[in-house]
Amino acid sequence: MSESEEISEFGYIMELLAKGKVTIKNIEKELICPACKELFTHPLILPCQHSVCHKCVKELLLSLDDSFNDVASDSSNQSSPRLRLTSPSMDKIDKINRPGWKRNSLTPRPTTFPCPGCEHDVDLGERGVSGLFRNFTLETIVERYRQAARAATAIMCDLCKPPPQESTKSCMDCSASYCNECFKIYHPWGTVKAQHEYVGPTTNFRPKVLMCPEHETERINMYCELCRRPVCHLCKLGGNHSNHRVTTMSSAYKTLKEKLSKDIDFLIGKESQVKSQISELNLLMKETECNGERAKEEALAHFEKLFEILEDRKSSVLKAIDASKKLRLDKFHTQMEEYQGLLENNGLVGYAQEVLKETDQSCFVQTAKQLHLRIQKATESLKSFRPAAQASFEDYVVNISKQTEVLGELSFFSSGIDIPEINEEQSKVYNNALIDWHHPEKDKADSYVLEYRKINRDEEMISWNEIEVHGTSKVVSNLESNSPYAFRVRAYRGSICSPCSRELILHTPPAPVFSFLFDEKCGYNTEHLLLNLKRDRVESRAGFNVLLAAERIQVGHYTSLDYIIGDVGVTKGKHFWACRVEPYSYLVKVGVASSDKLQEWLRSPRDAASPRYEQDSGHDSGSEDACFDSSQPFTLVTIGMKKFFIPKSPTSSNEPENRVLPMPTSIGIFLDCDKGKVSFYDMDHMKCLYERQVDCSHTMYPAFALMGSGGIQLEEAITAKYLEYEEDV
């Protein structure tokens, strides 16, 4: 439908509104699902307040899940099982090594997808589709529309014996339609069923009471003003809405109904104004057509002028090259003729040899003088051969780098719209890419277009992918592993756009991101380590207990390392994870360890203050991670005092200055179980700092150790957690 047709239809609807003659068919546009473009079927209300069919939401999540698995399978094996520890003791490590232990894939399911109605990313949270309300009001309106569309088709009784009679009413409690006789039979007078609520024949049955999706046995009886959604009393008492402002459902119903009625009355009362505005819009449309054609002609004229300049320069450059080529070829031809003459001097040489046979001195001198001059000239030519011209045209290469950059930024006059700037500190890449930018407040843009593309050295041109964004940040998903990507942003205000921002290059991790949390049951020392509730951050407390242990330390004994591991293990495939070590940390170790090695480290923990017990110090001077075995079942690197220590190696320099690097802001660990290799990365630049072989014949776990004061924070996955939606009326 064209714009003029839509405006005419809107004016027609307004006219019917004023006369109170709007029928159900005039609102069909509001009853179409933005995803499947068909009438709504069991519509669900998304967090952005738009409605989408239940099946469409599931299909969107399923398609995202398929693409997520496809990306993961490209960089790892088809099967990459992860083992979750369940036992509170060390027996769980023994258990996973026994034959027959079932390994389950715990690949996280995506819960974020773009709303088909507004294109905003919506996050369904942990409950997913189960946490969404069903839009019963919209469902009822759709059913009325369907009934109006099939008015000639009767709804038959569900309880009649064949052939069934036409139904006359539908019971909302029984969710069935009845003819008069069957309704009397199944709803006898004086019984509880006689009190059931019934309506006209319908196929749309909805519950009489709206239940809370988070607390399925509780009725909805309140309205959260902050989240703009109905809630139950449990949501208010101890749920996600405990600190939110809520009101009673009756009060919210009254307020919203008054607002809606008032707005409808306002629209109906503005019929004449709407008609005049429609006329104005028609004039503006005609003016837009004329101005658009004029702007198009002006743009073509500007480009024709550029083409003329390029053609003129092209002609001049080609003429200069042709002239230089002709001059050089002439010189080469002249020189070639000279050397061709040298070949003809073979006769001269023979003639000179015959002259040498002359015995009469007077005759010889008379002839040899001129002959010697000719021979001498030929000899000099052979001694100093130099081409008469250069064959290379390097001086005639056209430099178009600056012109290419200028032409690439060729755009409309921006009317003062500044170029947005990408915030490099806030932008990052992990499981997804988060791109953040800012724009001067005085040049507030209506929207932005984020462009990105993979940088492929083998291909000259790769097209840019575009995403329209209404905020100043965006999460970009489905990026290929181990690939550099370029990002840039353009601002739009009305129909004017700014030039593109400076490009930001981010390199994706070498493998899919591996999700896990710290294990609070296996080897976790509650006396020295403090784990937060989310189990993604651990701190080491160098307090009174450590001082007491140090007081009794004997010769050959060192303060122990406190180990903590991830709650998920892997047996095959490629995996990547990252963590941040706090700058104040004294000594921290990060890496991987096999289940067998963990048993050795964590089984039968002894008193750190015992003078008989000697434990590995964890230092490079004699630590196990500094051993020179070609392949061992663990690898840990040492980090502390704002330094990153590369472990000792027999193949490289072990001088301290060559092994000590500045501590990165975030450290990435890449485990390739198939190749038996672990690598450590600087996440800021996605640069490999150290790698070595590791024995992956057993289940491998992320392993960490702390000594003294320190802290480790697991890198949080990038998701569309904090979303902003436009305020609805």
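Note that the numbers count up from 1, one per residue, in the order the chain is shown.
Positions of Cβ are set from backbone N, Cα and C atoms, glycine also.
Cβ neighbours within 10 Å of CYS235 (Zn(2+) binding site), excluding its own Cβ and spanning all shown chains: 24. Positions annotated as Zn(2+) binding site by Swiss-Prot: CYS212, HIS215, CYS235, HIS241.
Confidence annotation: the coiled coil (271-302) carries a mean pLDDT of 88 in the model. Residues or ranges marked as coiled coil in Swiss-Prot (evidence: sequence analysis): 271-302.
Sequence annotations record features per position, and here Swiss-Prot assigns compositional bias 'Basic and acidic residues' to 613-622.
Marked as domain 'COS' by Swiss-Prot: 356-413.
The domain 'Fibronectin type-III' annotation in Swiss-Prot covers 416-511.
Annotation comment: Swiss-Prot describes 509-723 as domain 'B30.2/SPRY', evidence class sequence analysis.
According to Swiss-Prot, the feature region 'Disordered' maps to 606-626.
Among the features that Swiss-Prot reports, zinc finger is placed at 33-84 (among others), with the record citing sequence analysis.
Feature annotation from Swiss-Prot assigns zinc finger to 154-192 (among others); the stated evidence is sequence analysis. Across the zinc finger (154-192), DSSP classifies residues as 8 helix, 8 strand, 23 coil.
Per Swiss-Prot, zinc finger is recorded for 207-249 (among others). Residues 45, 49, 127, 130-133, 136, 172-173, 197, 255, 728 of the same chain, all 6+ positions outside the zinc finger (207-249), place their C-beta atoms under 8 angstroms from a C-beta of that stretch.
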For the zinc finger (207-249), how many residues does DSSP put in helix, in strand and in coil?
7 helix, 11 strand, 25 coil
Could you give me three numbers for the domain 'Fibronectin type-III' (416-511), the DSSP helix, strand and coil residue counts?
3 helix, 43 strand, 50 coil
Zn(2+) site shell beyond CYS212, HIS215, CYS235, HIS241, criterion: Cβ within 8 Å of Cβ centroid:
GLU214, GLU218, VAL231, CYS232, HIS233, LEU234, LYS236, GLY239, ASN240
Using other CB atoms within 10 angstroms as the count, which residue among the binding-site residues HIS215, HIS241 scores least?
HIS215
Determine the Cβ neighbour count for CYS212 (Zn(2+) binding site): the number of other Cβ atoms within 10 Å of its Cβ.
21
